[in-house]
Every structure is written in C-alpha cells, then in structure tokens.
Amino acid sequence: MARLLVLRAAPYRHSSHLCAATLLVLSPSQHRHFASFPSSPPTAARRILPSPLRVPIRAVESSPGPTKEEKEPSPAADEAQEPPTPAASAFDVEELGWGNQLAVKLRMLVAPPWQRVRKGSVLNMKLRGEISDQLKTRFSSGLSLPQICENFVKAAYDPRISGIYLHIEPLRCGWGKVDEIRRHIVDFKKSGKFVVGYMPVCGEKEYYLACACGELYAPPSAYVALFGLTVQQTFLRGVLEKVGIEPEIQRIGKYKSAGDQLARKSMSNEVREMLATLLDNIYGNWLDMISSTHGKKREEIEEFINSGVYQVARLKEEGWITDLMYDDEVMAMLKERVGQKDKKSLRTVDYSKYSRVSKRTLGLQGGEQIAIIRASGSITRTRSPLSAPSSGIIAEQLIEKIRTVRESEKYKAVILRIDSPGGDALASDLMWREIRLLANSKPVVASMSDVAASGGYYMAMAAPVIVAEKLTLTGSIGVVTGKFCLQKLYERIDFNKEILSKGRYAELSAADQRPLRPDEAELFEKSAQNAYVLFRDKAAMSRSMSVDKMEIVAQGRVWSGQDAFSRGLVDSVGGLSQALAIAKQKANIPKDKKIQLVEISKPSPTLPELLSGIGSSLLGVDRAVKGALQDVSSLSGVQARMDGILFENLGEMSGANQLSMLIKDIISYFD
C-alpha cells in the first residue's frame, strides 16, 4: 500500500475456523456514484493529459457512523439499525512548489533502469485470479493488493503516465479486496487521467469492478454470465459412512458451520438463515451499486438480470459497456489519444515493472511513519516443516514483528491488516495478548480485508478501533474440535490397532479405532465449551459489551462488515485509507502533514521460495494440495476457525481445484 501523500479526511468519530463447507457466491460492495458509460469511444481531441505541475492528493473516505456513546449497538438481528452509507471521499489537487518539481525530475533522470518509464506511457495492468493481501517479490506468482493499489497512487502522481489500461478477467478474491481496488480506480479518475477497462469475461464481480472505469470495452465474442448469485454447501457425512468413517465433531455456537461438512448431511436451519442473510447483503449491494452507476431503479436492474444476460451485445445496447472492440483496436485508440505518432505499438508499462518504481522517485517518500503489519491466511502457532515461505499466519513470527514495532519509537501508530478465516485458538489468543500490549504503547487500528473471522476476529478485537469493508466476512465467534472414529474402516480392511495407556482420559485423542466413551465425549464437549467461553468473554471485554449482549451476536455467526458495524463488532466501515486516517488522528498527526506507511518485514526472495516457485511451475503442483499437507502437519487442538466461504463462482474453478479443496477440507480434520 502506498503511504498517503496528503490526507484530507473528515474528522473521525469513534462509533461505537475447522475448515468445512465450501460456500460459493458472486458479488460487489460499497456505494459509489458514477456516470453511465458513453455509447461510443471518445476521440483523440477529448484526451486529458494532466499537467505534471498539478498532483492529485489521495483522500480518505470518512466514516459517517455515530460514536459509540451516541449509539448503542442493538444486539438482536431483528432490532439491528441501518448500516452506514460510506461518505464519498474528497479528492483535492495541489500545486507543487518549484523545488519539489525539480527534485522529482532529477530523481527520474538518475533512476535505475528498472524504474525508468518513458513519458506518455500507459500503465497496463491485468487483474485476474487470486489477489493476495501480502506484498509479493518479483519471484512470486500472482497479484498483490498492496502493489495494485500503490500502482494506482503512483500513476496518479507520475507525469510520465498518461492513463491506465485495465484488463479485468475472472477474479478469485473476496469483495473486500474488490472494494479496495474499485476505490482506487475511482480516486485515480479524479486525477484527470483516463482509466479504460477491457473485459473479455463478464461475471458479477468482474462487472462490479470494471464499471468503475471511465470507459469499458469488450470483444464481440466476450463471455457474459450475469445470472445472479448463489451460495453452496457440500456435505460428506454420507460418503464417510459408506467407507466406515465416523466423524465426532464438537462445535460451539448454533451458527458455527465449521464441521457441518463432515458431521451433517444437510444444511441446518441456523446456517441457512446466516447464509441467506449474507447472500441478501451481497446481492442487494450489487443491485444498488449498478443501479446508481446507470441512474436506473434497482427493480430495473434486477429485471434485466432475471432475463438471463449472456449476450455481450445486450450490454452494449443497454449502455452497460462503452463499445464492442478487440484489444488491438482499444490500444490503437489509446495510442491516438496519448498523441503517439510513431508506427510502434502503444507505449505501455506493465504491472510488474511499474511495481518496482520507487515512491521516493515520485517525491512520495517522507513524513511521520505509521507501521503496517499484515496477517493473511490460516493461523498456526509455529512453523511446520512443510510450511512454504510466507504461508499463513505463524503466531511466533507475527509476535516478533509486533514486539519490534512496540519497542521502536519511530512508528507513531500501527495498522494491523487482517485477511484470515482463523485457525489455532491458542495461537490466536497469544497474538491477541501481544496486540493488546502494543495498543498500550501507541495507537493501533485493525483493518479487515476479505475476511477476519473466528481467529481472525480474535486478533482484530485486541485493537481499540476496528475498520471493515461493507462485505468483509467477520465475527464467527465460536470454536470447533473433532476427531474421526475409524473402527468400521479398520474392520473392512482388516487393520488392527491396540493402545496401552495410563490415565482415565489418556486415549481421548489417540484412540481412533473405537468411538468415544460417554465420559470421554463429555470431557471432549467441556473442553470445546471452555474454549468458547474464553473467546466470547474476551470479545465482550474487548468490545466493551456485556457477556449477554455478546452471546447474542456470537454463537459462531458470520456477519458482513455492515451488519457487524450495526451490532458493535466493528467501529467503522471503510478500507485501508479509512484506517490510516483514524490512525493519523489518534497519533495527533496534523491533517496537512504527510505520512509514510512502512511495511513491516518486507518480503525478500529466498532460496526456498525460488525453489518452491520453480517446482510449482515445472511440476504443476497445486497450491491447494500443498496447503492441505501443511494443514495436516499443523492442525491440532481446538480451532477458532471459519469454514471456507469463497466468494467466487464454482463454475470458474477447474475440477482439479474443486477436488483439491475438498481433499484439503477432509484431511485437515485429522490431527
């Protein structure tokens, strides 16, 4: 993420996972209002090339939410108050002094070759597949959300960049990340430079992002599937029974769906209610955003979708896209727009190269330092021998980072950026403690990405202020533990296992050749219940709620960010820029002062990472399978974990990926 250049924010007002089912959905997020797309491509005469003397100032959306003292969150779902509508962010333009202009020009002249960009270039970024919330090295595969967003900010300031050409392909990430990118597209447009989108495959999520562009094009043969959204849950209890495996699952919380995939044959009423609410939030928000984009009623948009939109020509007819053009035609149009007269192809710089352009080169380095600690993936307490570099949240490593920041005087505040469905309950609690200690020494703000649920929420609730996107998945305050009884399977394959033990409950975890005795089952349940009570009570204390109120919103229920706000589980609705504005105010940094966002433990290329990347490319090893092996070696004890809710279309996943995800969910139950 880029350090904010000049922040102009409205005053902040403080308002108030065991893996199981694979749930799938498609959709959008925060309300923003834009003009409908033009019906034909603009001509070269309409191009906008901003003066290098005027620089856009990245602004921050302000939270409209009332203070905690002004509004007590309603605990009951039927009494929940309306979620906040995020305020539109202001976007200012500031004249640079001649000294700063000269310094930037000199730094560009002496920049190393990998940071040089020809004047009049177009930043060409392709958004597809998975998007990580972590920084990536040049040796890492995939896209990085911080680098994508930073590229938008740098391009807005960079006088060498005329505009952005954005290729949007099928995305496999949550709506929190989509909202963050969309916000940067909107802010970039206010710089006066163009941002043109190209969308060969159109689903709900892709269109939600693409319609933020000033112009949107698609090839005449584009795949279109705007049919609505679904949520799915799969169950394996019947399959396991047929092979002689009996799952013994203890889940605490009537909405805690982790474990249902193994323990049940159908969806419980409580889980059905929870998923239906999440689906309503996502789909309703998608309809509202599209209707405001096109200046139409929500009912009109819904009627259009219900007609079954599969022809790209219909999108053109209804004004949902600018025109039907092939990629080469769009690039030729952009070449004319930027005034490139030679016969060469459009002068572009790609995502990878532009990510290496230093912020300092553009005069964006300086000011008070705010640290950002990123925590992404499943939570484990220690590193497993099978752990890949930067895989998941390893508590002992994150604690070291937290302590380093706490002991340093140079960081005025801390952003804890969380993108995690949870994991080991003990590890979550140990990190909770360290975050609390950190918050005693300097301002700490938790910023949620796609998901911060169960163990992920456990971490976040240690921060005095929590910021979530409208469609972040959060909450899931509950725990799950389980084991398998393999007695029937062993009998079928003529396998025998004998155990000698001392102590009444010594075989509680070791004996898988027989079911639990009644007294063992009782102890098993009490252990899980104890972990839940500790989690719930700490959540109540951290959020200044009574235990009774917290129990109503806990019970393992997953909430959207907007619903979590109305129930007091988070303090503000917004993205990373919102969290930065709050941290800046809490650190008493004047509004007109720049801040520098410092990434803690920036990634560096390591030999294991290089070998891992090469091996994956050459052998085609699926990351999900490697993740399953890692989970097998690390999962043990009680889990504070949300089940695998994935905001993507199952139809876009290969059969191999679906199977590997299923295998991972099954294997992760073996401790």
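From the backbone N, Cα and C atoms, a Cβ is placed for every residue, glycine too.
TrEMBL: automatically predicted annotations, no manual curation.
Copied over from TrEMBL:
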type     : residues : note
ACT_SITE : Lys256   : active site, proton donor/acceptor
ACT_SITE : Ser454   : active site, nucleophile
DOMAIN   : 188-339  : domain 'Peptidase S49'
DOMAIN   : 438-589  : domain 'Peptidase S49'
REGION   : 58-86    : region 'Disordered'
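Confidence in the domain 'Peptidase S49' (438-589), given as mean pLDDT, stands at 94. Here the active-site residues are Lys256, Ser454; the one with the fewest Cβ atoms within 10 Å of its Cβ is Lys256. Cα to Cα, the residue listed as 'active site, nucleophile' and the residue listed as 'active site, proton donor/acceptor' are separated by 10 Å.
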